[in-house]
């Protein structure tokens, strides 16, 4: 039997557990241009110093583990470790801090949102020393941005494909979201597009259920698109949801959409996953399809103020993974969304360069290096009376999506679409003439009603509908 040898301290290894602060809390660190920066809102367990928690976040999301290990000596931890370089208390909150962590770019695989998130928002969110942890923002350095393909086409190319300029785009989610046959579904699509909408949409739950298999839906919808285009002389589209149980099935549906000649398909990027989304985005770029992205499941991740991931991070991740549209909330509808916060991440979706602005929740300056922008989609509980606010908030580069606000019109689907189109064009013209939509929007809509009986009927139906609930996630 070989006798056990004693480990000498001079050999460079000492077993045991040491404070994360000794290695991963580095307040003197000078951030590099190539570092990925993260801002975490952390709530330590009672009695745990914030410096220890910040260091633990940096360690557990990069090179650290709970004890000293032999193999630390086989690499350069100083080169690869994450560093908590600053901690600041959250104003007005007890025992909450913003911890800033810098990650060397070499920790992440090029062009992989999946790998980036696996590290930064992985096991660390279950760490016992933390009562709660939320990723508020990420700074993606240009060196890493350039490894991503990004949106298949972007806002300008989409406008060129559609030949639609100078106004926002109009959409509608077909309702009821589940239960229609494929033929009746196609009929609703046709009526909405003929009435004046640019797009109609599959609901995020619509995949290939027994009442309507995907191939039947695709065929009837394609027929509706071509018929509406022939009658109106405008390019029309429908977001055909290609999301499926496997990537192979998803790609089969995308190929079918391409063969039918439709302009746009759709994916549920959070439930479908970033790997599937990036694969689909690359296919769409190579084959001339626009890609509409729905954010189903986002509120499970982003709605709680103290724990999870803020939507601005999910929006940045989608821009890197690839998508031409992304649902972003409405500010004025039925879904969660504070105005300044929403406008902050809308700018992060659309603009090429966004300055740090804590008043809008933007913790870092972000340079997208000419990566195409993503068009925000405002959807959820909106109707014609919201149109002035939507035009004022989002401007032209947005898709305004009225589901119930189209299909709930008392005269039917086509009149509902016409009402929305008249309201949009009236508000756009009023804005272009210098009128203040925030103050005069109601007058603009009432004036347009004189020339559009469809709009007048819609205004009468929804004149008392409001969604006045306080926003949970505030700055």
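Each Cβ is built from the backbone N, Cα and C atoms, and glycine gets one as well.
If you look up Swiss-Prot, you'll see 3 marked as N-acetylproline.
In the three-state DSSP assignment, the secondary structure recorded for residue 104 (4-hydroxyproline) is coil. Annotation source Swiss-Prot lists 4-hydroxyproline at 104 (among others).
The annotation substrate binding site is assigned in Swiss-Prot to 123, 173, 177, 295, 327, 379. DSSP assigns residue 295 (substrate binding site) to coil in the three-state reduction, outside any helix or strand.
According to Swiss-Prot, the 4-hydroxyproline annotation covers 151 (among others). Sequence-distant contacts of residue 151 (4-hydroxyproline), defined by Cβ-Cβ distance under 8 angstroms and a gap of at least six in the same chain, are 281, 291, 319, 322, 323, 324, 371, 372, 373, 374.
For residue 175 (active site, proton acceptor), other Cβ atoms within 10 Å of its Cβ number 16. For 175 (among others), the entry in Swiss-Prot reads active site, proton acceptor.
Of all Cβ atoms in the protein chains displayed, 29 besides its own lie within 10 Å of the Cβ of residue 201 (N6-carboxylysine). Annotated N6-carboxylysine per Swiss-Prot: 201, in sequence order, evidence recorded as experimental evidence.
When secondary structure is read from DSSP and collapsed to three states, residue 204 (Mg(2+) binding site) falls in the coil class. The Mg(2+) binding site annotation in Swiss-Prot covers 201, 203, 204 and rests on experimental evidence.
Long-range Cβ neighbours of residue 256 (S-methylcysteine) (same chain, at least 6 residues apart, Cβ-Cβ under 8 Å): 215, 218. The feature S-methylcysteine is assigned by Swiss-Prot to 256 (among others), with experimental evidence given as support.
The Cβ of residue 294 (active site, proton acceptor) has 204, 241, 266, 267, 268, 269, 327 as same-chain neighbours under 8 Å, each 6 or more residues away in sequence. Annotated active site, proton acceptor per Swiss-Prot: 294 (among others), in sequence order.
The site 'Transition state stabilizer' annotation in Swiss-Prot covers 334.
In sequence order, 142, 145, 146, 352 make up the list of same-chain residues 6 or more apart from residue 369 (S-methylcysteine) whose Cβ falls under 8 Å from its Cβ. The feature S-methylcysteine is assigned by Swiss-Prot to 369 (among others).
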Measure from the CA atom of residue 203 (Mg(2+) binding site) to the CA atom of residue 177 (substrate binding site) and give the result in Å, rounded to a whole number.
6
Would you mind ranking the binding-site residues 177, 295, 327 by how many other Cβ atoms sit within 10 Å of each Cβ and giving me the lowest?
177
Would you mind reading off the Cα separation of residue 175 (active site, proton acceptor) from residue 203 (Mg(2+) binding site), to the nearest angstrom?
8
Cα proximity to residue 295 (substrate binding site), best match among recorded positions 104, 201, 203:
203
Quick one: which of these recorded positions, 104, 201, 203, have their CA within 10 A of residue 173 (substrate binding site)?
201, 203
Between residue 201 (N6-carboxylysine) and residue 104 (4-hydroxyproline), find the distance joining the two CA atoms and give it rounded to the nearest Å.
41
